[in-house]
Amino acid sequence: MPSSSYVSLFDSNMTTPALLPLSGRRIPTLSPGAASFPHHRATLRLSEKFILLLILSAFITLCFGAFFFLPDNSKHKRFDLASVDLECPPPEPSTSPPDRTPPSPRGTAGPLPDVGSPGWEEEESLRDKIRVDHERALQEAKEKLRKSRDELRAEIQTEKSKVVEDLKKKKEVPKPLPPVPMPKVVGVNDGDSVEPDVKEKRDKIREMMKHAWDSYRQYGWGHNELKPLAKKGHSTNIFGNSQMGATIVDALDSLYMMGLHDEFKDGQEWIEQNLDFSVNAEVSVFEVNIRFIGGLLATYYLSGQEVFKVKAVQLAEKLLPAFNTPTGIPWAMVNLKSGVGRNWGWASAGSSILAEFGTLHMEFVHLTYLTGNPAYYQKVMHIRKLLAKMDRPNGLYPNYLNPRTGRWGQHHTSVGGLGDSFYEYLLKAWLMSDKTDTEARKTYDDAIEAIERHLIRKSNGGLTFIGEWKNGHLERKMGHLTCFAGGMFALGADGSPDDKAGHYLQLGAEIAHTCHESYDRTVLKLGPEAFKFDSGLEAVAVRQNEKYYILRPEVIETYWYMWRFTHDPKYRQWGWEAAQAIDKYCRVSGGFSGVKDVYSSNPTYDDVQQSFFLAETLKYLYLLFSSDDLMPLESWVFNTEAHPLPKERAQTIVEWRGLEQ
């Protein structure tokens with residue numbers, strides 16, 4: 001019968017409650033008189049018997065319920081109806097049946113230990129512990145209920161962080177990289193000029209580098225970049241929301257070349273102790289490849305320190321999920337933690353960008369060499385093969401390609417932004433292979449031929465410029481980024497088809513002259529972001545949002561290449577003019593800043609010291625005023641962020657092609 005069917009009755013002559021069924025509450029009413037008395041006495045006797053029976057039943061039920069429902073403990077003795085001798089002490093030898101003591105009302109099996117007996121202290125200690133644990137749990141629950149939602153969320157986040165840290169500690173040590181021969185490294189610490197004037201200019205560039213680095217070291221250490229006026233760290237969306245020390249990684253090889261050894265050591269220590277790629281950050285695959293992987297690999301080859309190689313490989317593994325697309329064309333961005341990729345929202349119809357997915361070859365080839373993992377080489381070769389099969393309008397490569405469909409996006413072709421380094425890496429893949437990658441060279445030559453036919457023109461004033469092709473129309477505008485092409489033409493002159501070496505060296509010189517004019521026609525003698533050749537204006541910016549200079553290196557890069565191939569002193573002179581203008585108009589107490597209007601005598605600052613200023617601009621200036629013994633082009637190939645990688649042996653290239661097969 002359910003317990004809810006019982007009520008308690010108290011008899012005047014009883015001190016113990018009796019449990020009765022609900023129907024027993026209706027006791028017949030007694031009428032006065034003798035006739036009723038005997039009946040009443042008989043009824044009571046039956047009731048008393050019934051009550052006694054109920055009491056006995058309830059007692060037995062209570063005892064058995066105690067056995068089955070009260071908490072069990074392995075240290076308690078247990079009475080088991082099915083197996084009497086499982087945990088009971090063995091009885092003394094006797095011919096009489098064993099005495100089975102009924103369960104105690106406290107729920108323990110058999111008789112309780114007597115006070116002072118061997119098991120008594122242990123029993124009491126256990127009970128005290130249970131009581132304390134129970135009270136503590138209740139107290140914790142009460143405290144939790146008093147806390148706000150934000151406090152509870154904070155506690156949960158703290159616990160999650162602890163779990164993550166524990167997992168990091170338990171994480172297996174990465175497998176050691178296979179030993180591979182270090183490529184021959186030459187021209188790392190040379191470059192002093194015998195000419196006092198040139199040496200003085202070189203020392204000035206080193207001083208500018210030290211000012212930029214020291215300012216970052218003091219105000220932005222560990223951040224990606226520096227705000228030199230606000231004197232604090234700075235970052236952009238290309239690095240996600242993480243502080244990965246982009247300036248440190250980007251600048252290390254420049255510090256090494258310039259002999260700034262103390263500064264180099266500080267950067268190396270930070271990388272060893274703090275550079276961690278297991279962060280929940282969405283980064284640009286292109287920017288992280290050229291700045292971080294390129295910078296780490298270059299610094300490894302220059303210094304021989306293993307930590308830089310290890311870090312480069314760790315990061316490269318985080319980028320591989322970006323290639324998980326239907327076509328194998330990588331996403332523009334990837335989350336370093338989850339591996340989820342996506343493209344820029346502004347790109348044509350969700351497309352990937354030619355200059356981004358086409359600027360991976362140099363670094364990924366070296367990753368395969370250093371790790372023995374063919375995946376890196378196979379990824380970039382797959383991209384090349386896919387592009388070779390596609391139709392190209394007018395022989396030109398559009399800047400946009402959809403990674404889902406494998407189709408071109410908007411028909412916009414540029415040798416500047418969105419397209420530039422794709423062409424650069426075709427040429428440099430050939431150079432880095434010790435000129436054995438003839439496929440890359442042929443692809444480069446075909447692309448440059450189409451560019452000459454459709455994009456390169458002369459202005460009315462005789463300036464050679466490279467325009468942009470948009471849906472069958474040539475826009476007569478050239479960007480600062482496009483100015484790198486002068487150096488590229490000069491670098492690729494040797495090996496040109498049909499004995500056109502002289503032609504391409506001359507073309508490089510003409511582009512260098514045009515870009516110098518874009519600098520010389522401003523008030524600050526610094527070049528604008530873009531300049532037009534239309535409506536009587538030549539090499540001049542028209543729109544306000546094209547008049548800024550953000551410490552870009554492309555013009556100085558071309559000066560350096562032209563100097564190396566011609567030794568014409570005008571390139572050093574032009575480079576020195578640019579260096580003086582930067583030092584005069586961009587230098588502030590907290591570093592170097594870009595300016596918003598190069599045509600204004602009183603410009604405002606953008607308050608950003610770009611990492612590429614230390615990686616490229618100052619490096620190319622330093623090389624310009626160094627002898628050819630420093631980083632000779634016969635031994636080194638610079639990636640698009642000015643990080644030098646050694647040329648590989650022909651045998652190594654053959655081995656890579658075997659991996660591809």
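For all residues, glycine too, the Cβ spot is worked out from N, Cα and C.
Annotation source TrEMBL lists active site, proton donor at Glu287 (among others). Around Glu287 (active site, proton donor), a 10 Å sphere centred on its CB holds 21 further CB atoms from the protein chains shown.
Sequence-distant neighbours of Asp420 (active site) (same chain, 6+ apart, CB under 8 A from its CB) are Ala355, Ser414, Leu481, Thr482, Phe484, Ala485, Thr640. The active site annotation in TrEMBL covers Asp420 (among others).
In sequence order, Gly479, His480, Ala541, Asn545, Glu546, Lys547, Tyr548, Tyr549, Ile550, Arg552 are the residues near Glu529 (active site, proton donor), counting only same-chain partners six or more apart with C-beta under 8 A. Summarising the annotation, TrEMBL assigns active site, proton donor to Glu529 (among others).
In sequence order, His480, Leu481, Thr482, Cys483, Phe484, Cys515 are the residues of the chain that are 6 or more apart from Glu554 (active site) and have a CB within less than 8 Å of its CB. Per TrEMBL, active site is recorded for Glu554 (among others).
Positions annotated as coiled coil by TrEMBL: 131-162.
TrEMBL lists 88-105 with the feature compositional bias 'Pro residues'.
For Cys483-Cys515, the entry in TrEMBL reads disulfide bond.
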Would you count the other C-beta atoms found within 10 angstroms of the C-beta of Cys483 (disulfide bond) for me?
30
Just to be sure I understand the packing, how many Cβ atoms besides its own are within 10 Å of the Cβ of Cys515 (disulfide bond)?
28
